[in-house]
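Sequence annotations record features per position, and here TrEMBL assigns domain 'Phosphoenolpyruvate carboxykinase GTP-utilising N-terminal' to 27-236. Sequence annotations record features per position, and here TrEMBL assigns substrate binding site to ARG87, TYR215, GLY216, GLY217, SER266, ASN383, ALA384, ARG385. The Mn(2+) binding site feature in TrEMBL is assigned to LYS224, HIS244, ASP295. For 240-594, the entry in TrEMBL reads domain 'Phosphoenolpyruvate carboxykinase C-terminal P-loop'. The GTP binding site annotation in TrEMBL covers ALA267, CYS268, GLY269, LYS270, THR271, ASN272, ARG385, ARG416, PHE509, GLY510, ASP511, ASN512. The active site annotation in TrEMBL covers CYS268.
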Amino acid sequence: MNAMTQDLDAIPKLNTNGGTSLQALSDWVAEVAALTQPDAIHWCDGSDAESAELIAQMEADGTLIPLNSETHPNSWLHRSHPDDVARVEHLTFVCTSDQDDAGPNNHWMAPADGHAKMDGLFDGCMRGRTMYVIPYCMGPIESPLSRCGVEITDSPYVVANMRLMTRMGAPALERIEREGRFVRGLHSIGELDPNRRFIMHFPEELTIKSYGSGYGGNALLGKKCHALRIASHQARQEGWLAEHMLILGIENPQGQTHYIAAAFPSACGKTNLAMLIPPEGYREAGWKVWTVGDDICWMRPGADGRLYAINPEAGFFGVAPGTSAKSNPNALKCVQRNTIFTNVGVTADNQPWWEGIDDDQQPAVDWRGEPYEAGKRPAAHPNARFTVSARQCPSYSSEAENPAGVPISAIVFGGRRASLVPLVFEARDWTHGVLVGAAMGSETTAAATGQVGVMRRDPMAMKPFCGYNFADYFSHWLSFDNGQNKLPKIFHVNWFRKGADGKFLWPGFGDNLRVLEWMVGRVEGRANAVDTPIGAIPSEADLNLEGVELSDDARAVLFGYDRDGWKAEFDSIGEYLEEYGPRMPEALKDERVRIASELG
Ligand code: SAT
Ligand code: MN
């Protein structure tokens, strides 16, 4: 299994500040130290003093650049290596003993080969560096839905981000020592050489090895690597779901709250939707939207058969460009203090700046640290990010800390579709809903390296994140419909439909609440819709469109469906499902055939 064979007694005693009573953890840390040869080991306790010391050190070596302390107290800019600005799906592997278990949706390597490759890269890579041991908990410390991990890294920037994104330090270590189990994540920035970069997962060993990148989802191993790829594998074994979904609460004027979980690919507005501000009329009437999470959702059936969800994260790693007082005032308020910005531009007075921020300021320096030249290159990288604690969000729900999770009333799937797909439709039952999720398509974004704007299938927005064969994943989803669970309704939305002029037809942002309100009405059995082969579509009269300007053409397209276009779409979905071979559940294929034949 593991290629590390050093004699542990031969390792000189390293300068180290802490330790653990858990033998499995101290043995692993010693093994990693023997392999990577750091100068010192630092066990992270998550304290303010520890954070202050790390930040001082990063300010001194230029890893963090302090921003304007009057406008943005306690906030920093980090410039990543220009070749290291997004997730690298082509270098991300799932190593299972049987290749079919990883599925056509993952790059695969045999576990022994994966370990050999990674251990070769890690050999001696921390010489001259400090190795940080970060115990963390994904989800509220007291929640039975939460799971823990330990990330070992040589990047203090990763430590600072993990401190904002997870419950990290002493309380997490206590839980790990109590439970005795944890996901192992080993990370080194290496030489930041794109040719020596791999993100490798060993789901059967609950292990992650990531080398050569310091960026977001490649390096903050609690996020996509643990909370999605490894957790999806664990969730399948244990009977729950680990999903790429935001979670929000909609409180009606009577004070009742429905929780919705929604899956969209990276950089399709999950953070904006999770922090939505109701349009004026709704606000006046007393509607409120509460943020539980903006990226990841773990859910499991409760004793009453409903799905209960937690946000395993404790912070937001949101896309900065496009975030403005208009698009997402809550996010803008979040990032006024105690925030790490990555790859944004800065103004002459040292405030963070990005395209679409919509203020009167101009950038002086771009994300690479070079003088900004208008019209030449953007000031912020399109995948520039902010990292901030969720507790700073004005709409953060107190229920986000509830160890029991929140009950989910509706699941929403959505992508960027310029044509064909209407604003919203409802699946007729769970099986249909799983097909809607499995068939999801979206145009690619800057969150991953590669071409932007190409339509690809991205089932449940999990294409880059499902740690096992998609066919088995769809079977797992279908298995929740067991006659006992009280499952949420499933919907599909498309905020990104374009008109002939190439402009978006739907205003989006706060007005998306109109669509969510209709969903809540459907859940409560009050709202109307028109049944079509692809699902139940509201007519424009079924939505509250007061104050929204939409041309007749836009209305026809947003609330209509094009039978011929959908026939072609269902042919293409059929071909897509075939790519998964014999493991693809018959129930899903039958469901596609049922709808295709209704389309005629
Ligand atoms: O880079 S991350 O994976 O953390 C962000 C994203 O792509 O959603
Ligand atoms: Mn994401």
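Here, residue 1 is simply the first one shown, and the rest follow in order.
Backbone N, Cα and C atoms are what each Cβ position is placed from, and that goes for glycine too.
Note that TrEMBL annotation is computational and uncurated.
Source: prediction; values computed, not measured.
Shown on the structure are the features that TrEMBL records.
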residue	record	Cβ contacts under 8 Å, 6 or more apart
TYR215	substrate binding site	SER80, ASP84, VAL85, ALA86, ARG87, THR342
GLY216	substrate binding site	ALA86, ARG87, LYS223, PHE317, THR342, ARG385
GLY217	substrate binding site	ARG87, LYS223, LYS224, CYS225
SER266	substrate binding site	ARG87, THR445, ALA447, ALA448, ALA461, PRO464
GLY269	GTP binding site	TRP495, GLY508
THR271	GTP binding site	LEU246, ASP294, ASP295, PHE316, GLY318, VAL319, THR323, ASN328, ALA331
ALA384	substrate binding site	VAL319, ALA320, PRO321, PHE341, THR342, ASN343, VAL344, TRP354, TRP367
PHE509	GTP binding site	ASN272, LEU276, LYS326, SER327, ASN328
ASP511	GTP binding site	PRO279, VAL548
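Between the CA atoms of ALA267 (GTP binding site) and HIS244 (Mn(2+) binding site) there is a gap of 12 Å, rounded to the nearest whole number. Of the chain residues outside the Mn(2+) site list LYS224, HIS244, ASP295, GLY217, LYS223, ALA227, LEU228, SER266, ILE296, ALA461, PHE465 have their Cβ within 8 Å of the site's Cβ mean position. Long-range Cβ contacts of CYS268 (active site) within its own chain (separation 6+, distance under 8 Å): GLY414, GLY415, ARG416, SER442, THR445, ALA461, PHE496. Non-local neighbourhood of HIS244 (Mn(2+) binding site): LEU228, ALA263, PHE264, PRO265, ASP295, ILE296, CYS297, MET460, ALA461, MET462, PHE465, each in the same chain, at least six residues away, with C-beta under 8 Å from its C-beta. Sequence-distant neighbours of ASN383 (substrate binding site) (same chain, 6+ apart, CB under 8 A from its CB) are VAL85, ALA86, ALA267, VAL319, ASN343, ALA446, ALA447. Proximity to ligand 2 at the level of Cβ atoms, with a cut-off under 6 angstroms, picks out SER266, ASP295 from the recorded positions ARG87, SER266, CYS268, ASP295, ASN383, ARG385.
Taking the mean position of the Cβ atoms of ARG87, TYR215, GLY216, GLY217, SER266, ASN383, ALA384, ARG385 as the substrate site, the remaining same-chain residues with a Cβ inside 8 Å of that point are VAL85, ALA86, PHE317, VAL319, THR342, ALA447. ARG87, GLY216, SER266 are the recorded positions among ARG87, GLY216, SER266, CYS268, PHE509 whose C-beta comes within less than 6 Å of an atom of ligand 1, given in sequence order. Summarising the GTP site geometry, the residues cited as binding it (ALA267, CYS268, GLY269, LYS270, THR271, ASN272, ARG385, ARG416, PHE509, GLY510, ASP511, ASN512) extend over a maximum Cα to Cα distance of 25 Å. Looking just at the domain 'Phosphoenolpyruvate carboxykinase C-terminal P-loop' (240-594), the mean pLDDT is 96. The number of other Cβ atoms within 10 Å of the Cβ belonging to ARG385 (substrate binding site), over all protein chains shown, comes to 26. Comparing the binding-site residues ARG87, LYS224 on other C-beta atoms within 10 angstroms of each C-beta gives the minimum for ARG87.
Under DSSP, ARG87 (substrate binding site) is assigned to a strand (E or B) in the three-state scheme. Secondary structure at CYS268 (active site), as computed by DSSP, is coil.
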